[in-house]
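Q: Let me give you the structure first, and then I'll get to my questions.
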Amino acid sequence: MSLRYRPGTQSGPPGRVPPEDEPYNIIPVHNLLADHPSLRFPEVRAAAAALRAVGDLRKPPYAQWQPSMDLLDWLALSFGFQHDNVRNQREHLVLHLANAQMRLTPPPENIDTLDASVLRRFRRKLLKNYTSWCSYLGKKSNIWISDSSRSSSDHRRELLYVGLYLLIWGESANLRFMPECICYIFHHMAMELNKILEEYIDENTGQPVMPSLSGENAFLNCVVKPIYETVRAEVESSKNGTAPHTAWRNYDDLNEYFWSKRCFQKLKWPIDVGSNFFVTSNKSKHIGKTGFVEQRSFWNLYRSFDRLWVMLFLFLQAAIIVAWEERDYPWQALSIRNCRVKILTLFITWSAMRFLQALLDAGMQYSRVSRETLGLGIRMVLKVVVSAAWIVIFAVCYARIWQNNHGRRWTAEADRRVRLFLQIAFVYVLPELLALTLFVIPWIRNFIEQRNWKIFDLLFWWFQSKSFVGRGLREGLLDNVKYTLFWVLVLATKFAFSYFLQIKPMVRPSKLMPNISVEYEWHEFFGGSNRFAVGLLWLPVVFIYLMDIQIWYSIYSSFVGAGVGLLQHLGEIRNIQQLKLRFQFFASAIQFNLMPEEQLLNARGTFRSKFNDAIHRLKLRYGLGRPFKKLESNQVEAHKFALIWNEIITIFREEDIISDHEVELLELPPNSWNVRVVRWPCFLLCNELLLALSQAKELVDAPDKWLWYKICKNEYRRCAVIEAYDSIKHMMLAILSVQSEEHSILTYLFQEIDHSVEIEKFTKTFRMTALPQLHMKLIKLVDILTKPKKDVTQVVNTLQALYEIAVRDFFKDKRNIEQLREDGLAPRDPAAMAGLLFENAIKLPDSSDDKFYRQVRRLHTILTSRDSMQNIPVNLEARRRIAFFSNSLFMNMPHAPQVEKMMAFSVLTPYYNEEVLYNREQLRTENEDGISILYYLQTIYDDEWKNFMERMRREGMVKDDEIWTTKMRDLRYWASYRGQTLSRTVRGMMYYYRALKMLAFLDSASEMDIREGARELGSMRRDGGLDSFNSRGSPSRSLSRASSSLGLLFKGHEQGTCLMKYTYVVACQIYGAQKAKKDPHAEEILYLMKQHEALRVAYVDEVSTGRDEKEYFSVLVKYDQQLEKEVEIYRVKLPGPLKLGEGKPENQNHALIFTRGDAVQTIDMNQDNYFEEALKMRNLLEEYKYNYGIRKPTILGVREHIFTGSVSSLAWFMSAQETSFVTLGQRVLANPLKIRMHYGHPDVFDRFWFLTRGGSVKLPE
């Protein structure tokens, strides 16, 4: 047990303690004396104590103050926050601060006190967007704390600022989509908080300053509700999205109102509900869009990609001009002066396209122009005028170049006009050169954009509107170089292909066709000419020219993506054969990547540590160095690997993707029968013993060293030989009575064999040609022992035959009966030779001794397997998962911290009314084609159905019909786990919890714990604990102290650690209505909560308060294992109906306040997860600590696998398409292009970064 985790005495809160039975979410912060595993961490008590340090704060005048209240209660009474909002954010804050302090390295001197650096770091991160917003608007931040100060009052003030922001955010409902609106609210409330803390006096009353908001639900009614009603009115005016976008404001438009100082002038504080911000009906006073305005128009195709169109058309024009000269290479054509001058027409085209762009901008963004944004309208008009002027200037200057210069000789005046044109062109492209310079030197542009200086705003006013977001996002120089090289390669290939194979071949026909006389039967658009035909000839070429850039991008994206994957060692293990080659390094790989490593303080991150890691990975990946070649069975590393690997195989069996027999072939059995080597899975040892026997037969006269050298060249062969010999010796002695003379004879025989091996004279003492005979008789003996009914006579006969071969044929030196007796290899009593030697010595273990006979079956597999078992496991999904997991072990990944020191995270799943669990009727009801869901699943997952039925029979099912009666729940879960159901998603996400428990145990367990745990867990599996479903059909395996030797894994301090590190919230939007209607979905969701202690359900509760009035609440519930019922934890009142825009994001948003941790993973209702991948979650979260380029990531992409790909050929195609897009496309967007943003719901978000910027699903409507 960790020293930090101690149950020592603790003092309770002063004054009255809240009722001990008050429901809580994760930890009972209200009762620090409760017997809860998480409360024994000193960091939790330190965070809770810091919140209770109210000190000499002036008590709220209009509320009764209790001694047990803390700083959040003080804020609630002062500003009118809801009670359950306070309770929710109290646990939220305590958990985060405790987790942050647990990660401190080195740990603080006083672990019972909240470290100031933890709080300061959190305050800076949480309020970073607010401070940036203040700087952008030129407002002074209301965070009145000096970074150099370390006083206790500042400690309390920081807690108040952080608590105030979290309380505002937790009660803002739909306003959470408007982060700068929350900044505006916080700015004013923080100012009032400062005045209270500094004991300001109100000038009007002469009394101490009071908050402008106070009373029950004051914040909700006076601040949130007016803005919410405005959002709601705007949504209603959108007519369900059918109204033009210019006619109504969405979340972003309303939020952008707070990007200008006018919000301070118009809205004021307390909020003036008479401000035109709240006007939605009167168009004359209505505030329109202030940022982007979307106009539905075909011209958006040009306007949105104008730079691409300009590049394509300008090159097309230049290529035609150059190709028209009909030279072999373009540089030959450019040596002609006329051609070079004609190239100057590109500036006329360019200016014309700029003019079109300016017109489109003005036509589509005119609705943004208002009295406050008059400068925007002026800029639009000026851009149109200036772009038109450039067209005229270039056209006039170009025409003057050719004036009076139609001959072959160029006059000095023409040269002067060309130089003038080039000078004008240089002025025209000067802004582009400046942009290129800022692109090449990205830190200059980042510096300019991040400084809110007026001079910079003035300089860039012409090019773009000022915006709060999207500033300073340029990557580093190296990333820019990689980005540029990629696109230079793509565009160079595209343009070279287009010039030589598309445009140039068209020139000659285009010149010849106008001179060909053709009589047309249709109308001639150009009389007496073939120009129309020439145009038709060019039309498909131009279309292909405009579109093939996507083809070239896809080609290079595939190559670059594959190259990046090779460098990251992706896909090196793709099949079982490659898995076998690497399996012997798995234990070292798991130890290196998945197990925390003891580090000296500040050792991680240094150049030396990185260099050592690189060398370590090379050794690991290619098996270099002795530590990575042979893993001995007594090493702790081997026991840890066995625990993890066997748990993975056990879960495969729980999921019915492998059979019982495959479990025996795949598992790593604990060391028993005194086997001296690692007992590798049987599928790795298959055929190896036979190959060793053939080698021994071929090398009959070879010395021991040479034969053993040949065998040891294959690690699995070496282990197979040693394990087979040790197992045979143990088995043969175990089936004989210890007191019998036969037992003594076999003991002496094995001792002689061991001695000959030890002195390296085995091949000189024994005939290798006799080994095949011994092998055949041993197989016969093992066959007899594996049968349900064992014939003792056959056992005796087989042992007698083995004895005869051993003493007569196996020894090279013939020995008579007297010599055999002297050596102890024959009975002392001659009368014993009259009958069969082993007739009275057999003592077979009881048939209930599953441990013994399981080892016999393993020995039988090693002795008899003749194929390479390439089809083990049979199930393709099991093979894919094993290959993917094993491959990832050899990739570069951050080192795993201890579970105690890992980042906490949550998983959030939005759910509406989809299937939770298939019922009997759904499984049996046939569709119009006569096919039921169960029949369809049995057909698609034929092998998994067989495995399921095998498991049910092992659990006591006698007749197959019982599957519809006593095993009905098991059947429903089996079918639901193969459909897109909530139960499948919950099972997958709860693998995180299960994995963290195992990892927490391995982190803190001693070597003895691990050895004993591996041995006893193996015994438990052999005793029938392979499956996860108990008699009630539990969907998740719960190894309790009674059923598992690893009791600490599930009931010790690991439980408290895991509860603090992981939370799963399912946003079941209409769960309350489902409960009221007795919907079966509600019962099934309740059952899921009952089975998973870390599962929480958030829903929106509608409560009728009058004839047509309703109140809405965000509610969080859980299943209380002690009370054995569902309990309500939090109930936070909403300003109105939840759904204003899109239902799914707003459902997710309302439950976001109940998540915990530094990161949140958003998972769709139809997604799954795997236990073996959950083991790597703490490695993944460590990515947040590393800089990628010039900044740390805020989104971590997680790969998706389409599990419905096996349903049909079309599903397979779509699955392959998705895999290609995710693996190659997204990989290239991330590296080298560095432009990947949020792709899908498996992504993991930096929770506090997104929490303060509109959430992970910021809505457009």
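Keep in mind that glycine also has a Cβ here, set from the backbone N, Cα and C atoms.
These came from TrEMBL, pasted as-is:
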REGION    1-23  region 'Disordered'
DOMAIN    156-272  domain '1,3-beta-glucan synthase component FKS1-like'
TRANSMEM  308-324  transmembrane segment
TRANSMEM  344-360  transmembrane segment
TRANSMEM  380-399  transmembrane segment
TRANSMEM  420-444  transmembrane segment
TRANSMEM  483-501  transmembrane segment
TRANSMEM  532-553  transmembrane segment
Q: Based on Cβ pairs under 8 Å, which of the stretches 308-324, 344-360, 483-501, 532-553 lies most in contact with the transmembrane segment (420-444)?
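A: Looking only at 308-324, 344-360, 483-501, 532-553, the most contacts with the transmembrane segment (420-444) come from 344-360.
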Q: Could you check whether the transmembrane segment (532-553) and the transmembrane segment (344-360) come into contact, where contact means at least 3 Cβ pairs under 8 Å with the two residues of each pair 6 or more apart in sequence?
A: no
Q: Where else in the chain does the transmembrane segment (344-360) make close Cβ contacts, counting only residues six or more beyond its ends and a cut-off under 8 Å?
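A: Counting only partners 6 or more residues beyond its ends, the transmembrane segment (344-360) has Cβ contacts under 8 Å with 299, 302-303, 306, 309-310, 313-314, 317-318, 321, 380, 383-384, 386-388, 390-391, 394-395, 398, 401, 418, 421-422, 425, 428.
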Q: Pull the DSSP breakdown for the domain '1,3-beta-glucan synthase component FKS1-like' (156-272) and write it out as helix, strand, coil residue counts.
A: 77 helix, 2 strand, 38 coil
Q: Which residues, given as numbers and ranges, are at least 6 beyond the ends of the transmembrane segment (308-324) yet have a Cβ under 8 Å from it?
A: 302, 330, 333-334, 339, 342-343, 345-346, 349-350, 353-354, 495, 498-499, 503-504, 506-507, 542, 545-546, 549
Q: The domain '1,3-beta-glucan synthase component FKS1-like' (156-272): mean pLDDT?
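A: Within the domain '1,3-beta-glucan synthase component FKS1-like' (156-272), the model's average pLDDT equals 87.
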